[in-house]
Amino acid sequence: MNGDLRKIALESSMNGLTGRSLAKIVSGDAGFVLEDVPHLTDYIPDLPTYPNPLQDNPAWSAVKQYFVNVDDTVAQKIVVQKGSARGTHFRRAGPRQKVYFEPDEVHACIVTCGGLCPGLNTVIREIVCGLSDMYGVERILGIEGGYRGFYARNTRQLTRKYVNDVHKRGGTILGTSRGGHDTSKIVDSIQDRGINQVYIIGGDGTQKGASVIFEEVRRRGLKVSVVGIPKTIDNDIAVIDKSFGFDSAVEEAQRAINAAHVESESGENGIGVVKLMGRYSGFIAMHATLASRDVDCCLIPESPFYLEGKGGLYEYIEKRIKENGHMVIVLAEGAGQELMAESMRSTEMQDPSGNKLLLDVGMWLSQKIKDHFTKVRKMVITLKYIDPTYMIRAIPSNASDNVYCTLLAHSAIHGGMAGYTGFTVGPVNGRHAYIPFYAVTETQNQVVITDRMWARLLSSTNQPSFQTHQEVTKSMECLNCSTDGSPSKKN
C-alpha cells in the first residue's frame, strides 16, 4: 500500500450523529479507497502498547508470519474490468504485533441480542476461549437478556470451563431480547463495572445500537473497544460474504422440504407448502430450493408474483399437478405481503427491534390455494402447510458454521486487543476484515433477480418468473435507488 496515503474525515464528528459522520477514509493511487475503522488512539492520545502475548504462545509461535501487516487490506470487489479503479477496501482482520491492552487489564463482556440463530453459543464459547487461551484474559462477563441486561444488572462470569460444551446446544446461554436500548444507561454500566472490551452479537438493529454505544464511549473518552459480530439467519448483512447460522438453516430447511415432498406425493393432487425465514431477502428459500431439487416453485420478497390470470401462480400450480400429480412450494416469510388484504395496516406495525410485523403469508397463501382449486376449479387437492421457522432457529450450528463462528470470534478478539473499536467483523471475498458499523447497517443484501443464481433457480424449478423483462429491470432499478447505489450480494 502507498505509504503516503491520506487519511481524511468525510464529515466532522457531531454529538448524536451516527454512521458516516465518523467515517475514516484513506485514499491512494488508482482509485484505492480504504474504509478504515476507528482506533482508540483517535481520541485517546499517547496510549501505551505492549508486545502481543501470542509471540510466546506455543500454538501460535509455530505459525509462519502470524502477525498481520499493518497495511494489509481486503478488496470489497474482487471481479474488476481492465483499467477500472481498485475500489473500496477494508482493513484486514488478524493479530497485530502490538496490542493496546495487557491481559490483566482486560475486563471483557459479551451480549447477544435479537432473534435466535444457530451458532450463537459457538461464538460465545470461542470469544471466551480465545480471550483466555490466546491472550490470557481471565475476567469475562456475560450480559444476560440482551441490551437490557446492562442496566438490569443481569450478569454471569464466563470461564473456559463454563462454556466448554455450550456449542452443542441451540439458542444462547446468555438469553436475548429485542429493543431495550438505553445508550446512556448501557455506557454508565460499562463504565461502572470497569469493562473495557464489549463484544456485541446481533443483527442489523443490534449493530446500529452498537454503533451508538461506541459513539457515546468515544464522547466520554473511555478506553473501551466496542466490537460487533454480525448475526442474521437471513444472510442479508451488507458487505460480508455470509452470516453465521445460514448454512445450518439451509441444511435444516431440507428436512421440512423433504417432509412436504413426501406429503405431496402421498396425497391426491398433493401440494406441500413450506414457509422459511426471509423478511426482506430470500437467500434461505433460494439456497434451500437449489439444494433440495424437489421444489417446484420458490417465492421470495425480491420477486413479486401474482395469483390469478395467465402466467399466474394458480395456472402454474394446475399445470404442475397435471404433469406430476403433486407440487412443492417454498416461500420466504416476506414474500407476497403486498398481495395480502391487510398488508398496508400490518406494515405500519413494528416489533421492539424496529422490524416490520408481517402477516403469515404461508397460512394466507395456503388458504387462497385451497379456495381457488376447491371452489373455483372444483378440483380435489391435498394441501399440507409446514412452518419450521422456530425449529430451524433453535438448532445447534453444523460443522461448517462452527468453524466459521470460531474465525469470527478470533477476528473480533484480535481487533479488540489491537485497539480497534467501532467495527464489526466478517469475511469479504474469503478474507476476514474489520468493517465500520455504518457499512453493514445502511443497506441490506437482497437476492438479485437479474443475476445468475436466480436464473439457476428458475432453471431448476421450471417456474415462471411471474414478471416481464421490463418489470424485472424496473424493480432492480428501484432496488438500486433505495439502497443508495450499493451493490447487493451477487453469485
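Residue numbering: from 1, along the chain as shown.
Cβ atoms are placed via backbone N, Cα and C, with glycine included.
For D204, the entry in TrEMBL reads Mg(2+) binding site. Other C-beta atoms found within 10 angstroms of the C-beta of D204 (Mg(2+) binding site) number 24, with every protein chain shown included.
Here TrEMBL flags T232, I233, D234, M277, G278, R279, E333, Y390, M391, I392, R393 as substrate binding site. Take the CB of G278 (substrate binding site) and look out to 10 A: across all protein chains shown you find 29 other CB atoms.
Annotation source TrEMBL lists domain 'Phosphofructokinase' at 109-414.
For G205, the entry in TrEMBL reads site 'Important for substrate specificity'.
Put simply, D204 (Mg(2+) binding site) is 14 Å from G278 (substrate binding site) when counted between their Cα atoms.
With respect to Cβ neighbours within 10 Å, the recorded positions G205, T232, E333 differ, and G205 shows the lowest count. Taking the C-alpha positions, the distance from R393 (substrate binding site) to D204 (Mg(2+) binding site) comes to 17 Å. For M391 (substrate binding site), the same-chain residues lying six or more positions away in sequence with a CB closer than 8 A to its CB are E252, A256. Across all of the domain 'Phosphofructokinase' (109-414), the predicted model scores a mean pLDDT of 92.
As a whole number, the greatest separation of Cα atoms within the substrate-binding residue list T232, I233, D234, M277, G278, R279, E333, Y390, M391, I392, R393 is 17 Å. Compared over the binding-site residues D234, R393, the count of CB atoms lying within 10 A of a residue's CB peaks at D234.
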